[in-house]
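**Q** Here you go, one structure.
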Amino acid sequence: MKKTTGFPVAYLFLFLLIKVIAFRVLIFDTKSLATIAFIEFPMWALLLALVLIGVKKRTWLAVWIYNFIVSVIFFTVTLYIRYYSTIPSYYDLQQATQSSSVGNTIAMLANPFDFLFFLDAILVAIFARKWRIHAKPQKLKYMAVAAAALCIATTVYALKQPLIDVSYFAKENGYLQSQAVQLYLRSNETAHASSTKLSLKQLEALKGNEYVELEQQKGFGLAKDRHLFVIQVESLQDFVIGKSVNGQEITPNLNKLLGESAYFSNVFQQIGAGTTSDAEWIANTGLYPQGMIPTVNSLNGKAVPSLPRTLQKYGYGSATYHADDVTFWNRDVLYPVLGYDEVYSTEEIPNIKPVGFGPADEVVFDFAAEKLPKQLDRYDRIYANIVTVTSHTPFIMPEDMQGLDLPAEYEEMYVGNYLQSVHYADEQIGVFIEELKDQGLYDDSLVVIFGDHSGMHGSLVTEEDKALLDKFIGHPYTIKDQFTVPLLFTGGNLFHGIQMDRLGGQVDIMPTILALLGIDHEDPMMGHNLFQYKKNLLGMRYYLPGGSFIQSEQLYKAPGAKFPEVLYDLKSMETRGKNSEAKKHIRDTDTLLNYGDLLLKPYLKN
Ligand code: GP9
Ligand code: MN
């Protein structure tokens, strides 16, 4: 077809401007025209101008490719923030395609209007067949120079701003600027935190405690010489513990175990972008995760002082079990870094009864139970780390695995599916505990059970689900309900139904385990022995805007992409005015997060 009519490039910039406005409104809920005109739009416009100036042949095709890439970015970021409530960085998006289940989740998140981001790509494709691009190169060059000046000024300004929360930063300084700053920080040595080392005394002082020597701490050596079983349960939240629907307990096995456990009911998830793998990292190192990046994506391969390694020194052999491909979340890198003696994934675990990622939990527990006698031959003591996966979003299981008879209102609901899947996980934990008893190991073991992170979050929880959750819990579902995961320490004749509601974090799991086993880790950890210390301070990133904290009396949500800062009373979750204690905790949290980064740094790629 002969192309005769000229097509003013101004329209191309207009399409782009509309798309950028839609993006900002959707992502940040902001219509600030000044930010769009001077910060956000110039970046995207400059790139378009460069395409128009630089590509002499097949200009339409180049423009179309650029438009399409921008559409894909805006579309993906929109879905990502809908699920994770935070802005993704270029490196977060690499994980999105790793698994079919994650793919399904993404498909469930899209709404038809999101596809409007691709409208201009369609229009450009149509015009491209009829018109020639009509542009005055000189004008374009002037425009590019003006846009470049704005881009340089806003990026330089952004580089001088503190990057505490990525979403808030992107809202204030522009999405592309925020990516540029992150890239710069990642490649710049000095960017990772301050170099402030904290002594054990200082660390406890920040949390509000007086340091006590390990040997003098409560619970020290209580489980000395016992085998260790750590069961990390996918998406298990605390609010299901002890609860019933229609006279049926959701977690009857865990509930029964409480009678012979020390149960910490106020423990918060601390994972970042690496979700399950971050929980594995935290529980086995006592360190903070990287936060905005899955920790496993940046590991440099250096051996980290870990739970398996410290236990090794005391004659323990360690094994980890997880029913997924070992390359997911780079576990093929993570596990050698943590130093497990044996690693079992879908390569070894029989592929029977698959649900979601791989074989159902019962297959994994059976497999682990079968391994135990051989390991007992080989090692004095064993540490088995079992990561369940069946209760993973979207929580859909075959009917014969759905053990609860739920009221009609829960049918086909996300909450209903969730309750069914944690009920299933609980059942399999119960079977495994019986197996330990049958093998005569239970009385000689310390068994630790905890949830990796919330299952009920993000836009898959509809208004109807939210109403069901409120009714189920007996009060409006809060971020505290969302972030609290159960943590149980049990084993034969160890505890007699202790329940503690002091604040804990996942970072406290490893120090508490080692204290119970009477073992000193020697290397610094961020957490502490929960039996000893009453007060706590946890720095948050990713699932709460960076700089947020949870402290024994207060929960502070720092300003983020869409919302202003909020301070809550931790017990009642009522909002409070920002008081002097909160201001002190904000400063201490900064110190804590920086110290966390410092401890992490030797194990990360530059
Ligand atoms: C699969 C599983 C993923 O390996 O660990 O869980 P997620 O990180 O999506 O919670
Ligand atoms: Mn998980």
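Every residue, even glycine, has its Cβ placed from backbone N, Cα and C.
Unlike curated records, TrEMBL annotations are generated automatically.
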**Q** Would you identify which residue of T196, T276, T285, T490 TrEMBL lists as part of the Mn(2+) site it also attributes to E234, D452, H453?
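**A** Among T196, T276, T285, T490, only T276 appears alongside E234, D452, H453 as Mn(2+)-binding in TrEMBL.
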**Q** For the Mn(2+) site given as E234, T276, D452, H453, which other residues of the same chain have their Cβ within 8 Å of the site's Cβ centre?
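**A** Output for this site, in sequence order: Q232, V233, S235, L236, I271, T275, A279, V387, H392, G451.
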**Q** Between E234 (Mn(2+) binding site) and H392 (substrate binding site), how many Å separate their Cα atoms?
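**A** Between the Cα atoms of E234 (Mn(2+) binding site) and H392 (substrate binding site), the distance comes to 6 Å.
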**Q** Can you give the mean pLDDT for the domain 'Sulfatase N-terminal' (227-519), rounded to a whole number?
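**A** Its mean pLDDT is 96.
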**Q** From the Cα of H453 (Mn(2+) binding site) across to the Cα of H392 (substrate binding site), what is the distance in angstrom?
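**A** Distance between the two Cα atoms comes out at 10 Å.
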**Q** Across all the protein chains here, work out how many other Cβ atoms are within 10 Å of the Cβ of T276 (active site).
**A** 25
**Q** Between H453 (Mn(2+) binding site) and T276 (active site), find the distance joining the two CA atoms and give it rounded to the nearest Å.
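**A** The Cα atom of H453 (Mn(2+) binding site) is 7 Å away from the Cα atom of T276 (active site).
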**Q** For D452 (Mn(2+) binding site) and T276 (active site), what Cα-Cα distance in Å is obtained after rounding to a whole number?
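**A** Their Cα atoms are separated by 6 Å.
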